[in-house]
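The next block holds one structure in the form of structure tokens; read it before the comments.
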Amino acid sequence: MEVISTNTNGSTIFKNGAIPMNGYQNGTSKHQNGHQNGTSEHRNGHQNGISEHQNGHQNGTSEHQNGHQNGTISHDNGNELQLLGSSNSIKPGWFSEFSALWPGEAFSLKVEKLLFQGKSDYQDVMLFESATYGKVLTLDGAIQHTENGGFPYTEMIVHLPLGSIPNPKKVLIIGGGIGFTLFEMLRYPTIEKIDIVEIDDVVVDVSRKFFPYLAANFSDPRVTLVLGDGAAFVKAAQAGYYDAIIVDSSDPIGPAKDLFERPFFEAVAKALRPGGVVCTQAESIWLHMHIIKQIIANCRQVFKGSVNYAWTTVPTYPTGVIGYMLCSTEGPEVDFKNPVNPIDKETTQVKSKLAPLKFYNSDIHKAAFILPSFARSMIES
């Protein structure tokens, strides 16, 4: 394995599996915002998983100025509405995912143990052990991957594109610094070269510390790990070099924002060979049709082969689903909806030494492109 650092601090690998001494200690983060011992003591008063804001949330009750007290809502007309079960609605020891990308709703998981909490140069990074899904990685408060529930996302983002072309040899992964995507990609015996570009060295450090079975694949002789900006890397890549590019990014905010815009897709198309393919994470049809339509518009202007949208189910993502954009450059025809190189459960152990697939098969591959009527009409318009 070759490791290339393009970050300004130049530091990624730490000795003996220890987190670098930049403030991360014993799985805690002692920032100016007051994270200590797995608790958060911000100015707004979050402590021990309980929210004690200035608006008066305390011990599972709400005492707002609008009259929420002891599980009731007092209206201006003097009537009170009983809030059933309000005493159990706020509990310590739970992680709740809030974001402007999915307003008005949240997803919660019970935290068994906080494993790591820190702030990198780019984002807040947290890893905890959940009661249901094993280890859970979050970036800026949004769930990125769960050890026992994220395999549908990973298997599909790899096998939808690679199953659609014969004999992939040179592949680029943007993001994916934990290593789940690389793990799936190594099923293909034809692959000769894999470049991984991860912008956040702390994500890689977390992988080495808490997912050693994944980080071990960084040492595969076919793999080059680059620590730097994925958009800049693609822009500088040799034209026509890659057979496939997989963009395993977070949501289109923060450091991943550039990975959803037209200049990035233009650089991707240039870096792909004729008939090369790209697959990128493309949000949820239930919440983000406005984002999806913009991504599709950008891709149709750039990619002269085919442009397709697929989706699948992931239990720990907002609305329980996630989408993918699959595009090809002009050249040999690519029919994403009918895999020519499927790596099904029956053949997995023949083609690699890895455990059988848990989610992907040829039927699910084909079904991923069947969209609900409302989504189909908007995407095809």
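Just so it is clear, glycine is given a Cβ too, placed from its N, Cα and C backbone atoms.
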Next item on the list: Would you identify which residue of E155, E198, E261 Swiss-Prot lists as part of the S-adenosyl-L-methionine site it also attributes to Q123, D229, G230, Y317?
Entry: E198
Notebook entry, point to check: If you measure every Cα to Cα pair among Q123, E198, D229, G230, Y317, the residues listed for S-adenosyl-L-methionine, what is the largest value in Å?
Noted result: 25
Notebook entry, point to check: How many Å separate the Cα atoms of D229 (S-adenosyl-L-methionine binding site) and D248 (active site, proton acceptor)?
Noted result: 13
Next item on the list: Which residue among the recorded positions E198, D229, D248 has the fewest other Cβ atoms within 10 Å of its Cβ, if you could check?
Entry: D229
Item checked: Residues that sit under 8 angstroms from G230 (S-adenosyl-L-methionine binding site) by C-beta distance, when 6+ apart in the chain -> I174, G175, V197, E198, I199, V247, S249, L259
Note to self: Just to be sure I understand the packing, how many Cβ atoms besides its own are within 10 Å of the Cβ of Q123 (S-adenosyl-L-methionine binding site)?
What the structure shows: 22
